[in-house]
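A.B. asks: Sharing a structure with you now.
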Amino acid sequence: MANVEIYTKETCPYCHRAKALLSSKGVSFQELPIDGNAAKREEMIKRSGRTTVPQIFIDAQHIGGCDDLYALDARGGLDPLLK
């Protein structure tokens, strides 16, 4: 199974949607909350080049945000990455 990491904020609806999609596929993921954690937020920005959440990584490959995750799934590209 792939190593999935997702940077989140507690009140972010897109974070909840992304986690719901991953959970619906039976995927375990490491949630990395950035709420009140400046160091974790800086780590996310350095890794992804983006300041918005969620930011999703599968086996250290940057996938992007929630819309990127859903688009990847719609193209049939998500499931192969999760194996």
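Heads up, residue numbers simply count up from 1 along the chain you see.
Glycine too: its Cβ is placed from the backbone N, Cα and C atoms.
Grabbed the feature section from Swiss-Prot, which reads as follows:
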- Cys12-Cys15: disulfide bond (DISULFID)
- 2-83: domain 'Glutaredoxin' (DOMAIN)
A.B. asks: What's the most sparsely packed of the disulfide-bonded residues Cys12, Cys15, counting other C-beta atoms within 10 A?
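C.D. replies: Cys12, out of the disulfide-bonded residues Cys12, Cys15, has the fewest neighbouring Cβ atoms within 10 Å.
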A.B. asks: Check the domain 'Glutaredoxin' (2-83) for me and report the mean pLDDT.
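C.D. replies: The predicted confidence over the domain 'Glutaredoxin' (2-83), as a mean pLDDT, is 98.
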